[in-house]
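Visitor: A single structure is presented below for examination.
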Amino acid sequence: MATGKIVQVIGAVVDAEFPQDSVPKVYDALEVMNGKEKLVLEVQQQLGGGIVRCIAMGTSDGLSRGLKVEDLGHPIEVPVGKATLGRIMNVLGTPIDMKGEIETEERWSIHREAPTYEELSNSQELLETGIKVMDLICPFAKGGKVGLFGGAGVGKTVNMMELIRNIAIEHSGYSVFAGVGERTREGNDFYHEMTDSNVLDKVSLVYGQMNEPPGNRLRVALTGLTMAEKFRDEGRDVLLFVDNIYRYTLAGTEVSALLGRMPSAVGYQPTLAEEMGVLQERITSTKTGSITSVQAVYVPADDLTDPSPATTFAHLDATVVLSRQIASLGIYPAVDPLDSTSRQLDPLVVGQEHYDVARGVQSILQRYQELKDIIAILGMDELSEEDKLVVARARKIQRFLSQPFFVAEVFTGSPGKFVSLKDTIRGFKGILNGDYDHLPEQAFYMVGTIEEAVEKAKKL
């Protein structure tokens, strides 16, 4: 193992000098004793003359020139396998939950090759989430990739927590959760939510919060992914949750600027598409096992054409778009049924009935959207009888797309609901066919199945 010394520290960027014959390779991990703490650096560039430029994985407070640096001779390696379940780890795979060491011999490098073309598998099996609007409009594929797009405060994290809870309880598989640059409070809420629903022993948690340096936030997604890859290569169907992909991009932007690269559009890093590809190409299913991933994507200023969300779109099978307009109506989950799409919404995959009901729901909502202008100017009375019926059904459908969540019970006071796909299709088909035209629209708000709406109507 080669030893060098620190020659320059600028925030999270540290330059170290090594003997000319033993310069560390790019992506090698280096270790510095900073007081009593060990700090890990990752080599990003070789500057020549034995000097390497590194990004710190922790705070560089207290570092000084001349400190001894050791080359570990390999990239950052993290523990993998069943020992990681139920534990909270940081970017280096070190436990941060005060429950002692992680007992495992096996450690994998966080930089790995994506599976080759021959190894990839293509499955058309659906993953039932129990959330009506998602199962109907943008069904998820087992081994597929889903993006939850939304601006600030429209419910990305709550939707993700509900998905994890439902899938962990109903499907009893393993999950890995990577918290990338999110709030520590959310990580804490999440941990307690998993403990309360008794699914903590099926989830590995990897956190790199907002207050961590950019190098940490850029690599923490890879740490979580590596743990998921291990479960996949053991032949399991694993779920990978990433909250938030935008912060991964943002950390890349910060690192890129610190390393002195020229920025590209909107100030993002010039390597935006490549960095996203490196992560996304590894999140895939092979003939051995599958990784189904759900990724929250923050949309800056609610602009879906921003380079960061736009780059993410290209990699996904299903996009769930959360809308501020729908949230302001008090309809949660605030999924926009006209903007959300899925590759699986195809009669050959979901069946003709599901496809027809989903498209029927979308077309009636689209017609309602068009009639809104007329209603705003002339009022409801000026509409034809046919259009009045469309509006009445559309408003019922809009309310029936809402649903009480298990993870939001604390806030709403109403118990959560898991609705099977069969019940979802039956309910919406009934509304489209006019079977429930006699019920008031309030009856459809925040209920599970259509039977609950009928019961609620009796009490109104």
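Our numbering is plain: 1 for the first residue shown, then up by one each step along the chain.
A Cβ is built for glycine as well, from the same backbone N, Cα and C atoms used for every other residue.
In case it's useful when we look at the structure, here is the feature table from Swiss-Prot:
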BINDING   GLY150, GLY151, ALA152, GLY153, VAL154, GLY155, LYS156, THR157  ATP binding site
Visitor: Tell me the coarse DSSP state (helix, strand, coil) of ALA152 (ATP binding site).
Guide: coil
Visitor: Neighbour count, 10 Å Cβ-Cβ cut-off, for GLY155 (ATP binding site): what number do you get?
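Guide: Total other Cβ atoms inside 10 Å, all chains included: 21.
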Visitor: Taking the centroid of the Cβ atoms of GLY150, GLY151, ALA152, GLY153, VAL154, GLY155, LYS156, THR157 as the ATP site, which other residues of that chain lie with their Cβ within 8 Å of it, listed in sequence order?
Guide: TYR298, LEU322
Visitor: What is the total of other Cβ atoms whose distance to the Cβ of LYS156 (ATP binding site) is within 10 Å?
Guide: 27
Visitor: Given the binding-site residues GLY150, GLY153, which one's Cβ is surrounded by the fewest other Cβ atoms within 10 Å?
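Guide: Among the binding-site residues GLY150, GLY153, the sparsest Cβ neighbourhood within 10 Å belongs to GLY153.
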Visitor: So which one is it: of the binding-site residues ALA152, VAL154, which has the fewest other Cβ atoms within 10 Å?
Guide: ALA152
Visitor: How many other Cβ atoms sit within 10 Å of the Cβ of GLY151 (ATP binding site)?
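Guide: GLY151 (ATP binding site) is surrounded by 17 other Cβ atoms within 10 Å.
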Visitor: When you measure from the Cβ of THR157 (ATP binding site), which residues in the chain that are at least 6 apart have a Cβ under 8 Å away?
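Guide: Counting only residues 6 or more apart in sequence, the Cβ neighbours of THR157 (ATP binding site) under 8 Å are GLU182, GLU186, PHE190, ASP243, ALA296.
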